[in-house]
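S.K.: Here you go, one structure.
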Amino acid sequence: MTPDPDRFLADLHALRRFGAAGVGKGVVRPAYCEADVAARAWLAERMAEAGLAVRYDPMGNLFGLAEGPSLLLGSHSDSQPEGGWLDGALGVVAALEVARASRAAGGPPVSVVSFQDEEGRFGVTTGSAVWSGQLSLAEADRLTDHAGVALAAARAPMAGLAGAFVDPGRFTGFIELHIEQGPTLDSAGEQIGVVSDIVGIRDMRITFDGQQNHAGTTPMHLRRDAFQGLAAFNALLEERFRNVVTPRTVWTIGHVALHPNATSIVPGRAVFSIQWRDGDADRLGRMEEILRATAVEVAKARGLQVSFGAMLGLEPVAMDARLRAALEAGAEQVAPKRWRVLPSGALHDATNVARLLPVAMLFVPSIDGISHAFGEDTAEADLVAGVRVLAAAVDRLGRA
Ligand code: HGY
Ligand code: MN
Ligand code: MN
Ligand code: MN
C-alpha cells in the first residue's frame, strides 16, 4: 500500500486551521472548545469519505470504523492551552491516510480514532481513560478544569452527536504515530523512533491556605503567606527528590493560582498542580510520600493549612512485542539505519488502550525538541517517513 504524501500533508495543514493561533504553526484547541468540536466535525467528514462508519461516543471520542475486525490507528486532536499543530493531530491524520491507502490497495481493514481530552484539560488522557474503563463516565463528569468548569458541562454541547461506546473487542491492536516532543531523534539526525515503553505519571492539586492581609502593614514575622509556603515547598522538594530521582525522572509545578493575586496583598491562598513522571511505579510512590511529608512540614512551620486534591495517575507501560517488531521492520525499510528504539517521557492514549489491546507507538523528530509550545514543528520529510513506516507496519501485520 502506498500512502499519498501530498494528501496527507494537505489534511494535516487543513486540520491546523481549527484553532490556529500564535506564531509559527501554533494551535489553541483544548478539549470541547469550539475549535475542537469543529475539528472533530471536519475529521468525521474525512472518515466518512474514506468509507469508515463515523461514531462519537459519550465522551466525544471520535471513531471511524472499518467493517469487521480491524487494527485501530490514531491519537488525539485536542491541544494544550498553547500547543503545536502536530501533537496528536499527526497521529490522527496519518491514521486516516493509512486507512485510505490500505482500502485502495485491498490491504487490511483499518479503523481510526481521535480520543478526547488527551491533553488533560480535565485530568490525564481523560477520553481514552473512560473508553478503556480506567475511569467511569460519572467520575469523569465530576472532574473540573482550572477555571472550575465541570467536564459534564463541557461535553454537553456534543451530547447530540453521541452514540454508544465502541466495543474494543472489534480491534486487534492499536498503533499511535506521534512526534517525539523531545530532542533525542532531532539531535541524532534520525527519522524514526520505535517506542519501548511509556512513563507513568502522578498528578495532583495542592492548596496552601494562610492569612490574606495588607502587604504594607503586616510585619514579616507575623505573615502566613501562602506563596512563601509554595516557594519553600518547591525549594525543599528539589533537595529531597535529588536522592530518589534518575535522569529520566521529571516533576513540574505547571499551574499556580494565587488568591487574590494582587500586588499589595499578602496571598491568602496558593493552589497549584504538581506532576511527576518516571518509568518505575515504586519511584513514583516514594516521590509521593516525600512530597506529602514536605508539604505538611512546610505548612506547619509557616502557620499554613495544607490540603491535597485527588491524585490522578497512570502506570508505566511496555509496548507489545509483535506490533513493535512490525514497526521496527517498517523503520528499517523506510529509514535504514536512521531509527532507534527509545522510551516515551510524554504520555499518550496508548497507555490507556494498553489495558485492552496490544499497543505500539512510533515517533518522528521534533525540531529542537520543542513541543507544548507554538514553535513545535517537524520536517516534512520526517512526517512523511512516519506515515510510511506506519503503513509498512500495517501491511506486514495484515500479511502475518
Ligand atoms: O502531557 C503529556 O505528556 C501529553 O502530551 N499529554
Ligand atoms: Mn499528544
Ligand atoms: Mn501533548
Ligand atoms: Mn489601603
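Cβ coordinates are placed from backbone N, Cα and C, and glycine is handled just like the others.
Straight out of TrEMBL:
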- His76, Asp87, His178: Zn(2+) 1 binding site (BINDING)
- Asp87, Glu119, His372: Zn(2+) 2 binding site (BINDING)
- 200-292: domain 'Peptidase M20 dimerisation' (DOMAIN)
S.K.: State which of the following binding-site residues has the fewest other Cβ atoms within 10 Å around its Cβ: His76, His178, His372.
M.R.: His372
S.K.: Measuring Cβ to any atom of ligand 2 with a strict under-6 Å cutoff, which of the binding-site residues Asp87, Glu119, His372 qualify?
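M.R.: Among Asp87, Glu119, His372, near ligand 2: Asp87.
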S.K.: Looking at the binding-site residues His76, Asp87, His178, which ones sit with their CA no more than 10 Å from the CA of His372 (Zn(2+) 2 binding site)?
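M.R.: Cα filter at 10 Å returns Asp87.
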S.K.: Among all protein chains shown, how many Cβ atoms are found within 10 Å of the Cβ of Glu119 (Zn(2+) 2 binding site), not counting that one?
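M.R.: A count of 23.
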S.K.: Among His76, Asp87, Glu119, His178, which binding-site residues lie by ligand 3, judged by Cβ under 6 Å to any atom?
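M.R.: The qualifying binding-site residues are Asp87, Glu119.
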S.K.: Using all protein chains in view, find how many other C-beta atoms are within 10 Å of the C-beta of Asp87 (Zn(2+) 1 binding site).
M.R.: 26
S.K.: Helix, strand or coil: which one is His372 (Zn(2+) 2 binding site) in, per DSSP?
M.R.: coil
